[in-house]
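Here is what Swiss-Prot says about this protein:
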type     : residues      : note
ACT_SITE : 141           : active site
BINDING  : 27, 31, 270   : 1D-myo-inositol 1,4,5,6-tetrakisphosphate binding site
BINDING  : 176, 178, 264 : Zn(2+) binding site
COMPBIAS : 388-400       : compositional bias 'Acidic residues'
COMPBIAS : 401-416       : compositional bias 'Basic and acidic residues'
COMPBIAS : 417-427       : compositional bias 'Acidic residues'
COMPBIAS : 455-480       : compositional bias 'Basic and acidic residues'
REGION   : 9-321         : region 'Histone deacetylase'
REGION   : 376-480       : region 'Disordered'
């Protein structure tokens, strides 16, 4: 596949001003506020002038149950901090309560995250954009009927299902430090989605993503896992990422790509143990973009929030083929970026435990697996189902789409200033990075496998039954 450097491409960006108001709770490392910080920084860099900015619709239960089970979504809709005691059994069943707490507005937060990713996929399908960006998405650990690793609804799976209506083969790439287990599991038995994950492996959450996990049934060899050790740096990462992705592109020949840009793989992340700089991380974005495929860019992990905002702002600029200065512009959160107030970060002096021999050995094993694939699976033509997001449908949503949570009314969702600081004691609480092997599920039940095979069929049937969906996303005013 030919590479073309520096081609200007149309970019659509999804953001809702309310997303930063949601709050996982005292001491929890996941802070949706980082998305507001990112948005504010890229506004002050003037990047909004170069792309179309949309406010996503709130994904409804019908959209979510294209993948998730009905009872799980019903539970997420119903549970609140004030009625938790009535749901203790279900909380256990759906893995909600510790790493994935119940917080005020939980379901709305999931609706915004999923809404942005699904709307992005529809935009790409309609060829109304070349690149779509949703930094509130990328929640790759959520399972069909279970929350996991701070993720409740798997917006990535929902977006890929949408892309599959128009694209025979979709490639998913994950550069978060944690294995993209939820996405891999959803597409483990299909040859229409290839999942490629580069992640820390061994005594680390979620405990999956072994080199030998390659997919099953029709999906055998369509799951690609690159297990890594602590301390990988820019040079080593680039030396594995580029050849693996080139080989995947050549062999799988996708017509659309989804890139999960989890920024917990950066140096100095509160939960991470890699040593990438923002430039090193963004080289992955640049390389994937160079294949000139319809591309969906999503967020994900990232727990040193000043660096998350830096990273995703820079990667938005990369998507736009725009150079931005290292000197940060003044913005609403300027004090977070001290003492240097610069965009780029330096690597630490941590040891890179990934030797060249180790990386080469893994790479060769992956290449052997990729050689087992038939070149570009055959295309099966089917009627195209309806889009999930209907633009100008004429039907109003039950809720006024312009109704917003005012900052004043949502004070209880926002923590005190110290909560958002990146202080030294941040290692306490939050997701346990030591793998819980009891929960690290690899073997699927026969029932799940059957469900997976019926997914395309079910997808088509549901689409025919669908009523008109909520009105299309609206362009956001630039003043947000």
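A Cβ is built for glycine as well, from the same backbone N, Cα and C atoms used for every other residue.
From a predicted model like this one, the values you see are computed outputs, not experimental measurements.
Other Cβ atoms within 10 Å of the Cβ of residue 178 (Zn(2+) binding site), summed over all protein chains shown, number 29. Neighbour counts were taken as the number of other C-beta atoms within 10 angstroms of each residue's C-beta; across the binding-site residues 31, 270, the minimum falls on 270.
Cβ neighbours within 10 Å of residue 27 (1D-myo-inositol 1,4,5,6-tetrakisphosphate binding site), excluding its own Cβ and spanning all shown chains: 12. Across the annotated binding residues for 1D-myo-inositol 1,4,5,6-tetrakisphosphate (27, 31, 270), the two most widely spaced Cα atoms sit 12 Å apart. Taking the centroid of the Cβ atoms of 176, 178, 264 as the Zn(2+) site, the other same-chain residues with Cβ within 8 Å of it are 177, 199, 262, 265, 271, 272, 300, 301, 302. Counting every protein chain shown, 24 other Cβ atoms lie within 10 Å of the Cβ of residue 264 (Zn(2+) binding site). The DSSP secondary structure for residue 31 (1D-myo-inositol 1,4,5,6-tetrakisphosphate binding site) is coil. In three-state terms derived from DSSP, residue 264 (Zn(2+) binding site) belongs to a helical segment.
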